[in-house]
Amino acid sequence: MNRGIPFRHLLLVLQLALLPAVTQGKKVVLGKKGDTVELTCNASQKKNTQFHWKNSNQIKILGIQGSFLTKGPSKLSDRADSRKSLWDQGCFSMIIKNLKIEDSDTYICEVENKKEEVELLVFGLTANSDTHLLEGQSLTLTLESPPGSSPSVKCRSPGGKNIQGGRTLSVPQLERQDSGTWTCTVSQDQKTVEFKIDIVVLAFQKASSTVYKKEGEQVEFSFPPAFTLEKLTGSGELWWQAERASSSKSWITFDLKNKEVSVKRVTQDPKLQMGKKLPLHLTLPQALPQYAGSGNLTLALEAKTGKLHQEVNLVVMRATQFQENLTCEVWGPTSPKLTLSLKLENKGTTVSKQAKAVWVLNPEAGMWQCLLSDSGQVLLESNIKVVPTWPTPVQPMALIVLGGVAGLLLFTGLGIFFCVRCRHRRRQAERMSQIKRLLSEKKTCQCPHRFQKTCSPI
């Protein structure tokens, strides 16, 4: 009987030797479609030893034979590899490149009579449409996942917008702050994998802008895009609605090709000038009240449905003095909250109204400021100098001129007077001479009728 004990021990040892390799607990690894993943497998001893990687169908993927890496007939043969430099450290990981959704499987590493199972789940996250979208359009993200999985997805935009869901996520009405890199996290079996998706929202940096100018100043309109593209082709137009006009009209049309701007048509009044390079830039030679109003610039990009829009407003200020009235006026779209003021510099005299015109009757002399303000912040300022209302002193040169004119008039008048007097005297002398002659003729008269009265008939 004592001889039977060692024999039983021998059988037990033999059975243990013939047992299959012990399987370790399964690990879960998440991978991204098109990316590279490394499945780890470590031996207890830091030395080079034999190992094999197989798929769930027990088909060999790769392994070691002597000191060389060998590959089996699997579909991963051209994309699987191992780090030979780490074999001496007991690390026998398998690297899979250019991951595909169908690579999702359970992979088995056999080393030192033990098996390590690694479950690989490959996910893909893509945008259903182009990643270059116009402002206001919708973005849809679709998750590709292996059969049998139930992942959840959470995405965050550059502007802080959060969306979450299952295999489909939708973002309606994209805004310009949504442009940039979106970070999406896919979760499965308490594991996560992160995706980065670049979304470009095609829009101008500002939806609306207002330019404040004094009458006569040059006006600059700028329309910088909120995105950068190597090639940008399209066409655009600026429509303008002047405050004084009954209808809007097209001020300018242009073409855009490879970031070069060419003008197609421009009005003669006003005659805008346009820059030839991006960003889009327009110059109005003078700010006049008849131009104050609102405009809408549209840009239609090639191969895109829809247009980019930016609204621009022009507010014009005028300060005038007419007789005894000082007036400050503005034209163009202004908020009812804006305040228009007339203020005498270095004095407390101020007239303010939430209106488009203010005035002062009989203003004091000095420098007056016309101010358009929003909650104390000055948006536009124009200065006008008021002169005293009393007559200004006559200059010496004016006195000389006036004296000369008066002397000339006096001399002319005296000349005329003496000429008339002299002529009158001459005519009077002639008249007296004529009277004397007539009297002389009367004394010597021997008319026949006189003799008839004094003589008797014979």
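Note: Cβ is positioned from N, Cα and C throughout, glycine not excepted.
Among the features that Swiss-Prot reports, signal peptide is placed at 1-25.
The annotation topological domain 'Extracellular' is assigned in Swiss-Prot to 26-396 on the grounds of sequence analysis.
Model confidence over the domain 'Ig-like V-type' (26-125) is summarised by a mean pLDDT of 92. Residues annotated as domain 'Ig-like V-type' in Swiss-Prot: 26-125.
The Cβ neighbour count for Cys419 (S-palmitoyl cysteine), using a 10 Å radius over every protein chain in view, is 10. Mapped onto three states, the DSSP output places Cys419 (S-palmitoyl cysteine) in helix. Swiss-Prot lists Cys419 (among others) with the feature S-palmitoyl cysteine.
Contacts of Cys422 (S-palmitoyl cysteine) defined by a Cβ separation under 8 A and a same-chain sequence distance of 6+ are given as none. Among the features that Swiss-Prot reports, S-palmitoyl cysteine is placed at Cys422 (among others).
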